[in-house]
């Protein structure tokens, strides 16, 4: 049916009027949405409140009050990015609302947008020149902008305006502390407590100062004073728990952590902290109920499930761990912590490429995620991609300049890269950051030795030995240092002290054995080692050490017997193959030994050790084709036979054969034994043969970083420097090789090369 024009017009008009009649005044609608949002907010239904506040803003984008409440709701849901955006918008729309300005400024500080934070503080001070919170905000912003003088001046002016305002003294103390003015800092913190003795904040600030300045007893008293004032104060109990944990008094931390949970029953952070405490102390059965309950909480789901996933994975339930973390990522695909944990799981599953993808995704989700950059650096280091590893650890320090782990990693990587000064700088920074941590101090001592500063290294090691009287490692390093200085008395004293503290220390035992041999007392060395072997008869380190001593004293039969055992218990060890070949060569029994190992290979066709030994003997006889054939046979049996792969790579390189294949075999060995310096040396020598001096230098430096006492590594590095045209460094490396051993096999060539420099 065709409708008349007149009827159509009437109908359209009626519909239009109906639509107008049903529409609501935006001013009325926004108020209704806002009120509904407030109701949800009071009920702690923050996601629902967010929806209503956003509806209100759709009605009026300039509705500052709604944006302010929306920002608060985002804060409760831990959505910092949106909270910052809405606080900033609210502050712009409500210039006279000091609360909006200050909250925006606080988040801007956290986001390190110091100039913007300062602008918010200035807006409040324009409204109220005596507003103490605005002055504190401005001082912190100025400190972030590295204007410490301006920050201190701001707080001094605040104190002049109100000498009885305790918070100003606390902030002034913190600023003076940042400048290194410890006495002025202490005065500020103590003044804050004196002005307001009942202020928990003031006592916590003083405790933090005392703790930072290595006054633990006084710090603990200040924390206890704060708790006496407010026994259930969440911040004070958290601080006391952290103090106990950091002080090695973990058992005492449980009580304040439980107090926090009781005081904040619905708090996610408090329950997570207690669960973390239980996990740390292997009390999984107490942690799981807390985490299982938190999984049901929207705000706690991701953090709790992530921990449950980690517990399952670590407990051998890998499939469950993957499933749980995948559920988190299903809801929050850009959760950096979850992405990083997934990356860790994949690394454990040896799926390195997939792991790198997840780690990079975590960093993309949060570019300032220091833990992501740190893990990325460790993965690159394990893959020998040292330049990328260095970049990753440097990024960690950009985010957190005091990250000691990154400083230590960079110290080792830059040392391996030949940058001794850079390595020393990083190690010194790490040692300064944590003077009570022996790890950075030991690393610093090691690097000082490498930089020909043994006196400083010795002072550090002696200090560590006094501070940690039950630790063996300072004495082991002292023994090695004295041995290097030809101080046999000091070396023996240090090594024997280390053995008294740690009887199973292979390094200390090897040190004493080396001293016994140098003093013509091989029987003393053997007696010690054989006593240890009674307890652990298959220990390859002890067996190799015993074989070396027997060989040095001429008892090659006993040495051979022991080395054959090493081939059985540790077929991936490089040393026994070379040592056995030397023994057979010295005895004139190469053919006889080769035939015996050929028979063993026939009897046990699934063992790569016997054909590897046959190949090693052929190599000692300079029968290159036969050696290659038998190494390849060993690799057919076991493609991960690192000794065969490394030796075949060296054989091909030394005989000018297929360098590309040689590199492939060497990399194959390196993938199996990445920490073996001999393999890095092989890789480097192949790069040298390929005229790729930069990569050769990188590999030789890595070998030296793992064993700085091997003269051949230094000789190879010197030759690579020569090829790169770096004559000064070449001279230094060749001289170091000769200093370590004036008669090592390539000593004549090293001297010849030095004569041209």
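Cβ from N, Cα, C; glycine included.
Nobody curates TrEMBL annotations by hand; they come from automatic prediction.
As written in TrEMBL, here are the features:
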- 1-19: signal peptide (SIGNAL)
- 30-63: repeat 'TPR' (REPEAT)
- 132-165: repeat 'TPR' (REPEAT)
- 159-256: domain 'Cytochrome c-type biogenesis protein H TPR' (DOMAIN)
- 166-199: repeat 'TPR' (REPEAT)
- 370-403: repeat 'TPR' (REPEAT)
- 472-505: repeat 'TPR' (REPEAT)
- 540-573: repeat 'TPR' (REPEAT)
- 574-607: repeat 'TPR' (REPEAT)
- 608-641: repeat 'TPR' (REPEAT)
- 711-744: repeat 'TPR' (REPEAT)
Reduced to three DSSP states, the repeat 'TPR' (540-573) has 27 helix, 0 strand, 7 coil
What residues elsewhere in the chain lie close to the repeat 'TPR' (472-505), defined as a C-beta under 8 angstroms and at least 6 residues from its ends? 438, 442, 445-446, 449, 454, 457-458, 461-462, 464-465, 511-512, 514-515, 518-519, 532, 536, 709
When the pLDDT values for the repeat 'TPR' (574-607) are averaged, what is the result? 81
